[in-house]
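For reference, the structure discussed in these notes is given below.
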């Protein structure tokens, strides 16, 4: 639910702003966890801790990501990386805190404590500086044409245009880079979360102690606390400003190759080394996944583009664990095949995105000189240099010769 509520979050951001949406999300997330502590059936837990809390976390998370794009321009990559450090802290501390609270307070008391923790999202939202989401910095990528100002022929047409705008279908149709990136991330997500789910069972299946196996996830989270800001510093350099999408593809490729190390051996020392290598590539993916999206679409449409992006991503998140479980059933619980499957999705997605972005860039290069040459037409005349624009009107300029070149 946290990813599937993206379009609704984009509507709220456009109507009320990021500040109010974050506070609303914190209140809903807290309410869902507190109400979940009083549940007596599984269906009630689905409604409270699943639906309501997931909806609130979606509002808080996506709004905070959106507001970063408006706060920062020159150091946006570093800002995204530092903001994603909170995910690493959660990966490190949340399992330890959950285990401690479950032993002392039980699951109902744990839900109450988590409800109080999530209520702090309201405080975080209150200190956000309001921004005008309709004004955005320029982007160098292909952008969809502005919406038509012609009057709507009817209510259904108006509703259709509103849905199309908030679901970013117009961006998906006109922006080739957005299409490539969205499809590539969807395919990548089919394999990316699998190590987080199956690493501990894989280690325990090979005889590693339960506490030492759980420590592996904490190693990944702790390493990302330091590696993600470093990835943001590298991606924020001017030399890499136009190549962040290739850096993201490279990080996904390395992530897939790293999973092959885990499948080769289940010795605890090898698994610790795997976690450290995995953290390097994971930090690049985590630091760049939203930054690349900000580079591809205009910031005034980022909220809508992020909404559709997370909806499609949620489809992959829902499919991935059951698909891995089906593979385990057919291979008699051989966890190595899960890591092979994860590597396949990550490597193929990285090659698809890198190759597609390279093809799009080569396709755009020949068009730029042609556009520059076709922008004006020089017509020699006895009176001097005449310039004919696209409408056919002629204007007299200076008699000196001007040469139009493209950089």
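Glycine too: its Cβ is placed from the backbone N, Cα and C atoms.
The structure displayed is predicted, hence computed values, not measured ones.
Your range for transmembrane segment, going by TrEMBL and the list 157-179, 180-202, is 180-202.
With a cut-off of 8 Å on Cβ pairs spaced 6 or more residues apart, the transmembrane segment (20-38) and the transmembrane segment (109-128) reach 3 or more such pairs and are scored as touching. Contact between the transmembrane segment (109-128) and the transmembrane segment (246-265) does not hold: fewer than three of their C-beta pairs are under 8 Å, each pair 6 or more apart in sequence.
Annotation: stretch 337-360 has the most Cβ pairs under 8 Å to the transmembrane segment (246-265), among 78-97, 214-234, 271-293, 337-360. Listed by sequence, the residues of this chain that lie at least six past the ends of the transmembrane segment (78-97) yet keep a Cβ under 8 A from its Cβ atoms are 64-65, 68, 71-72, 196, 214, 217-218, 220-225, 228-229, 231-233, 235-236, 283, 286-288, 290-291, 294. Among residues of the same chain six or more beyond the transmembrane segment (271-293), those with a C-beta under 8 A of the stretch's C-beta atoms are 65, 68, 76-77, 80-81, 84, 87-88, 178, 181, 185, 192, 195, 199, 203, 208, 216, 219-220, 223-224, 227-228, 230-232, 235, 244-245, 247-248, 250-252, 254-255, 258-259, 261-262, 265, 302, 305-306, 309. Confidence over the domain 'Major facilitator superfamily (MFS) profile' (1-366), given as mean pLDDT on the 0 to 100 scale, stands at 83.
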